[in-house]
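Feature annotations, reproduced from Swiss-Prot:
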TOPO_DOM  1-21  topological domain 'Extracellular'
TOPO_DOM  43-60  topological domain 'Cytoplasmic'
TOPO_DOM  104-111  topological domain 'Cytoplasmic'
TOPO_DOM  133-153  topological domain 'Extracellular'
TOPO_DOM  199-218  topological domain 'Extracellular'
TOPO_DOM  240-253  topological domain 'Cytoplasmic'
TOPO_DOM  275-284  topological domain 'Extracellular'
TOPO_DOM  306-323  topological domain 'Cytoplasmic'
TRANSMEM  22-42  transmembrane segment
TRANSMEM  61-81  transmembrane segment
TRANSMEM  83-103  transmembrane segment
TRANSMEM  112-132  transmembrane segment
TRANSMEM  154-174  transmembrane segment
TRANSMEM  178-198  transmembrane segment
TRANSMEM  219-239  transmembrane segment
TRANSMEM  254-274  transmembrane segment
TRANSMEM  285-305  transmembrane segment
Amino acid sequence: MGTAAAAAAAGEGARGPSPAAVSLGLGVAVVSSLVNGSTFVLQKKGIVRAKRRGTSYLTDIVWWAGTIAMAVGQIGNFLAYTAVPTVLVTPLGALGVPFGSILASYLLKEKLNILGKLGCLLSCAGSVVLIIHSPKSESVTTQAELEEKLTNPVFVGYLCIVLLMLLLLIFWIAPAHGPTNIMVYISICSLLGSFTVPSTKGIGLAAQDILHNNPSSQRALCLCLVLLAVLGCSIIVQFRYINKALECFDSSVFGAIYYVVFTTLVLLASAILFREWSNVGLVDFLGMACGFTTVSVGIVLIQVFKEFNFNLGEMNKSNMKTD
């Protein structure tokens, strides 16, 4: 009896989507990360073209292509978040960093040397490790559970801290230091991820009750509308500051740093709200830490050494001189 009860409890605490849903969600997440990786490059290209002509980037077709790609990528992320845990989807954004760097080397003529290519390989390898070790089960699967989590004092306190930091950054720090310090705009966009990603996940959960016409569908509808409003406001502010950053800084540098900071803050918010780490063992936790570290090292190689004129030909010449 005790064993059966324990097994039942374990099954209830580790509910998750079917393997087919996980595979579909992963596929959508991978495609979305690649699409998102192209958005910053296309938008930057449009901004550069508009500056060259002396017109607004709002009139440039390439900028609009990047904006549409961003919308498509966000829709893909929304679908992925409804199928698999947040902690599995968010780190896969790493795939967009090397893809964006390769695209930028062609469209924006940004440098990508041998170390940058090695960084692309490490980012992809780290993403595979993250997929293998990420939790596949959900800890919050109903609208009632979501409401309980949203009113948790720890999560409410975290959101209040994030909101205060955003107000400080937007109204005091950004006007003075935003154009010269890339971390200001990145911090604003990343902190907003504490609202956008949980809201996206919550909308998916609330929508299930609405579509199935459950007795709590009225409450679910109200919750869904509130989360939609939060999501909409967050995306608008994010969009504004992403374009401000692209006007002032290198697109691939912004994309790389943004990935690391955004992923860290989103995983923190998701850990507090959804408790998706509760079903992760020590081995998988260490595996995810190693995967995220590998991705971060790859991103550093792509960006920090991009100005070095370093290639295989020069390595061979150096070896010949040494011999």
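All residue numbers here begin at 1 and follow the chain in the order shown.
Every residue, even glycine, has its Cβ placed from backbone N, Cα and C.
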Three or more CB pairs closer than 8 Å, sequence separation of 6 or more: does that hold for the transmembrane segment (254-274) against the transmembrane segment (285-305)?
yes
So which residues does the transmembrane segment (154-174) touch in its own chain, when a touch means Cβ under 8 Å and the partner is 6 or more beyond its ends?
184-185, 187-188, 191-192, 194-195, 237, 241, 268-269, 272-273
What residues elsewhere in the chain lie close to the transmembrane segment (61-81), defined as a C-beta under 8 angstroms and at least 6 residues from its ends?
25-26, 28-29, 31-33, 35-36, 38-47, 49-50, 89, 197, 200-201, 203-204, 235, 239
Contact between the transmembrane segment (285-305) and the transmembrane segment (83-103) (at least 3 Cβ pairs under 8 Å, separation 6+):
yes
